[in-house]
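Lifted from TrEMBL, the feature list:
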type	residues	note
COMPBIAS	123-139	compositional bias 'Low complexity'
DOMAIN	1-216	domain 'Cation efflux protein transmembrane'
DOMAIN	220-295	domain 'Cation efflux protein cytoplasmic'
REGION	114-149	region 'Disordered'
TRANSMEM	14-34	transmembrane segment
TRANSMEM	54-73	transmembrane segment
TRANSMEM	85-106	transmembrane segment
TRANSMEM	158-179	transmembrane segment
TRANSMEM	191-208	transmembrane segment
Amino acid sequence: GGYVANSLAIMTDALHMLTDLSGIILTLLALWLSAKSPTKRFTFGFHRLEVLSAIISVLLVYILMAFLLYEAVQRTIHMDYEINGDIMLITAAVGVAVNLIMGFLLNQSGHLHSHSHSHAHSHVPQPSSPSAAQGSSHGHSSHGHSSHGHSSLAVRAAFVHALGDLVQSIGVLVAAYIIRFKPEYKIADPICTYVFSILVVFTTVRILCDTGVIILEGVPRHLNVDRIKEDLMKIEDVYSIEDLNVWSLTAGKTTAIVHLQLVPGSSSKWEDVQSKARQLLLNTFGMYKCSVQLQSYKQEMSKTCANCQSSSA
């Protein structure tokens, strides 16, 4: 519709919708990938593919957006374009109607969900998949980073997201009205493109940040490593924490490796300590996988050596 009407505003609105669509596709991809079992080559499974495709889809959106912005700047400078007001109006009206239907459906399903899932899960918040991010992630809310694994929250996030899209579609409709009845104000078309481009950037930057942290094996933003260390130290018979690594396979699937040293003389209780540590990581902190390595107390010798070496270096 945007191409036929020669309207950049409609094309930019369509681009924004594409970001939402890619968010939904990513979520489906994530569900499908998480069902695939690990292979000999990919022992973690294929969860990272979701992160990879999130980045590719965001970059694709940026390339398209750069092209639309370039066109908008050309139009603003030269003003040598004709817009078919009728087609633009029809397309914009259809866009608003679809957004209204989506908002209504999401609102309905939100109510259904909140009745059936009123028992909240008291786990640590699990950000939904990047895609969601995309979804929201792409979007705004889509990836809506809904924080508890609670379905009505995800639906509410999607609803807020649909509201944002509705506002944008109404903006296009208003621009279409202006251009249809006052063709001399056709500058409204590139102006819409500028405004929507800013919106798209705001909604996708978060996805890029989240996926960047995942690829760099960073700690997900809802976890605090110091807090995890404190809680592990509270387990009886733990003398020290030699090493703790926390990272994400993909959004919402956190993995940890911890290396604990036991109090002198308590090595017979290792199974107890291990099960408590696993319980803490898997249940309290909502890890997807964890590996706990234990060793009995070793003299501090090796440590001081390391310190001397590092200080002399």
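Each residue, glycine too, has its Cβ placed from N, Cα and C.
Those TrEMBL annotations? Automatic predictions, nothing curated.
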Q | DSSP-assigned states of the domain 'Cation efflux protein cytoplasmic' (220-295) in counts, ordered helix, strand, coil | A | 27 helix, 30 strand, 19 coil
Q: Sort out for me which stretch, of 14-34, 85-106, 158-179, 191-208, has the most Cβ pairs below 8 angstroms to the transmembrane segment (54-73).
A: 191-208
Q: Go through 14-34, 158-179, 191-208 and flag the stretch with the largest number of C-beta pairs under 8 Å relative to the transmembrane segment (85-106).
A: 158-179
Q. Which residues, given as numbers and ranges, are at least 6 beyond the ends of the transmembrane segment (158-179) yet have a Cβ under 8 Å from it?
A. 7, 9-10, 13, 16-17, 20, 83, 85, 88-89, 91-93, 95-96, 98-100, 102-103, 106-107, 110, 135-136, 139-142, 144, 185-186, 188-189, 191-192, 195-196, 199
(Q) Just to confirm my parser: what is the rounded mean pLDDT across the domain 'Cation efflux protein cytoplasmic' (220-295)? (A) 86
